[in-house]
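In TrEMBL this protein carries:
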- 12-31: transmembrane segment (TRANSMEM)
- 85-106: transmembrane segment (TRANSMEM)
- 118-135: transmembrane segment (TRANSMEM)
- 155-178: transmembrane segment (TRANSMEM)
- 185-201: transmembrane segment (TRANSMEM)
- 216-235: transmembrane segment (TRANSMEM)
- 256-273: transmembrane segment (TRANSMEM)
- 293-312: transmembrane segment (TRANSMEM)
- 324-342: transmembrane segment (TRANSMEM)
- 348-368: transmembrane segment (TRANSMEM)
- 380-403: transmembrane segment (TRANSMEM)
Amino acid sequence: MKSVKIFIPYTLLLLLVLYSFAAVFGLQYVWDDISLFVDSPALRAPENIIDSISQPILPGTSYFRPLPLLTFMAEFLLVDVDATLSHVINLIFHLATTLIIALCVWTLMRNLPQRSRVVVSLLGGAFYGLHPAMVEPVSWVAGRFDLMAAFFSSIALYAAISLSGIWRMVVVCAAFFLGALSKEMVATLPAIIILALWIANNPNGFSYMQLGKFAYSYKNLCAALVATGVVYLIVRGAGINGSIYHTDDVRSAYSFIDQLTYIGNAILFYLKMTVWPFSDINPMHRFPVVFSAAEYVGGAVGWVIAGILIFFKGQLYKRYKAYVLAYLISLLPVLNIIPLTIGENIGHERFLAVPLLLYALLISRILSDLITKYADKKNVVILFAGSLLCLCVINVKVTVPLWSNNIILWKWAFDKNPSDPYVQFSLISAAVRKGQLDLAQETVNSIVDMGSIPNNVKVAVSYLEVRKHNFNEAINLIENYLSESRMLLPHEVLSDEELASGDYSLGVDSRYLSMWSVRSAYGVLAESRIGLKQFAQAKKDAEVMLFYQPSYPPAHLLHALSLYGLGLVEEADNAFRRAEELIIDDSVAELYEIRRQFFSQLCEPDSENPSCSSEIVDASMKKEG
């Protein structure tokens, strides 16, 4: 009966988190979800499972995250591509992590009376589960990488402080390895584990002088963690065919002072988003490439705060220093020490999924001490903590629906960051994709009012012109974009025959996915020239698209339509079937509708195009199988 009573509060904690995030059940795929699951068959219909989960999927990255990708693959193959199911799985990972971190607090607060111990552990779990920064990874399906990294990190923490001997070593190392296969964010977990053990064994003090000796007392565990890290690096090296990591080339060229400034601002950003995130939650956190006085001051402030947190020796602070150090160490992978390829952002909220584990432990320890010291006023302490959590619940309830679909998401981001070219591109593209051409045009007008249209954004604007049937205007925009980009285009080394053959003898790492904007640009050219019935040139444009992304369904569709326009029926049918194989099931009907509309325009009564024979046109209207 006693165990049942203890079980009830933790069930209520999970129900509170579930209530706060309930809106995720109605969210669609957004942002990179489209590239990962809708536009790419790598996880939906893998030709080679190992390649699909080990090779980077997103353009211009070196992500090695096979475990989350394996969960996506299993989800899509066993059920289907379903946004609700994807969000449910994300939420399950978050709920599990919330419970585990509450158990970590319960284990660490063993000196508290039973009732206070339960209350503090519940508050610790709630400060993690309801933190507004967790909205992004829970509400965005691609946030599963961060959620799984946090999940396995929490298991490692709990095993470290609750188990002993060989079982501690096995579980901690296994969780570390699985976490590393989920996201590189767990690289610093071994150091965090040692600090967690210190916290469990020395709750009232911290000493750098004694830390080395303490770590040596766990030399077998340390050796096992190092060995696990080496195994991970071997697996990663074997899995990634190409660069081990990518960096932001522009920021990598910073001077030493500018690099320190950049890191200092990253420290300041994550501290702010951890302690008081309510006023700045947003998918984009744009940071200038060229610094003004404000950035230099911000960087200096970030370093000063970090220095105080690391070196301050106050007697009271010693109780919390190990927690703070563990938190700071968990941030190291995202402090832009090696500039991350995250656009022009200083950071993202989802990167806090692991650091917030340590923050929740820290808050729990502070609450524990306050309740112990001010026993007669502990209800005031609990009320204050509860008030903050109520603010968190309200923030989560308001913010989750903003991830409902790409239009709502990017309108929100555009309101916060109207001058961000990536946000501009994303909002226009989302509006065009959903047929909201008025919204797309309003966005373009707003951008023009602020100044000129950024070069990359011209690709999105050109898609709008295509939908308005202004084909020549769309072509002019793309030609202007390509001219101003001054890019060396890899496909230009191939002859027309080589490009048409598809036999480039390129490895997976040479598909130039980082040049996604070029693929999109040639998509505009292909669609515009199909609209102008310039089918020979449209065919070449579609083949360029296939060069940059061979598994892109729209590229195969445009290739098919251009071939139908040229009367090459057999080749066109093959290309169309390939598009049908690669696209998600829910979009197959749309594929046939596009082809139907194409034939209605191509096949005029006196047309002599072989594609317009009654048998071919009739067959084209029927969905096979």
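Cβ coordinates come from backbone N, Cα and C, glycine included.
Keep in mind that TrEMBL annotations are predicted by a computer and have not been checked by a curator.
In this chain, the transmembrane segment (256-273) does not touch the transmembrane segment (216-235); fewer than three CB pairs sit within less than 8 A of each other, excluding pairs fewer than 6 residues apart. Against the transmembrane segment (324-342), the recorded stretches 85-106, 118-135, 256-273, 293-312 differ in Cβ pairs under 8 Å, and the greatest number is found for 256-273.
When Cβ distances are compared across the two stretches, the transmembrane segment (85-106) makes no contact with the transmembrane segment (380-403), since fewer than 3 pairs at least 6 residues apart fall below 8 angstroms. At the 8 Å Cβ cutoff, the transmembrane segment (256-273) and the transmembrane segment (12-31) share fewer than 3 close pairs (sequence separation 6 or more) and do not count as touching.
Here the transmembrane segment (380-403) lies next to the transmembrane segment (118-135) in space: the count of CB pairs under 8 Å, restricted to residues six or more apart, reaches at least 3.
Within the chain, the transmembrane segment (12-31) has long-range Cβ neighbours (under 8 A, six or more residues past its boundaries) at 37-38, 83-84, 86-88, 90-91, 94-95, 98-99, 102, 122, 125-126, 129-130, 135, 138-142, 283, 392-393, 396-397, 400-401, 403-406, 409, 426. Beyond the ends of the transmembrane segment (348-368), by six or more residues, the same chain brings 97, 101, 104-105, 108-109, 112, 116, 120-121, 123-125, 127-128, 131-137, 140, 143, 146-147, 149-150, 153-154, 157, 185-186, 192, 199, 203, 270, 273-274, 277, 281, 283, 285, 319-320, 323-324, 326-327, 330-331, 334, 342, 381, 385 to within a C-beta distance below 8 angstroms of the stretch.
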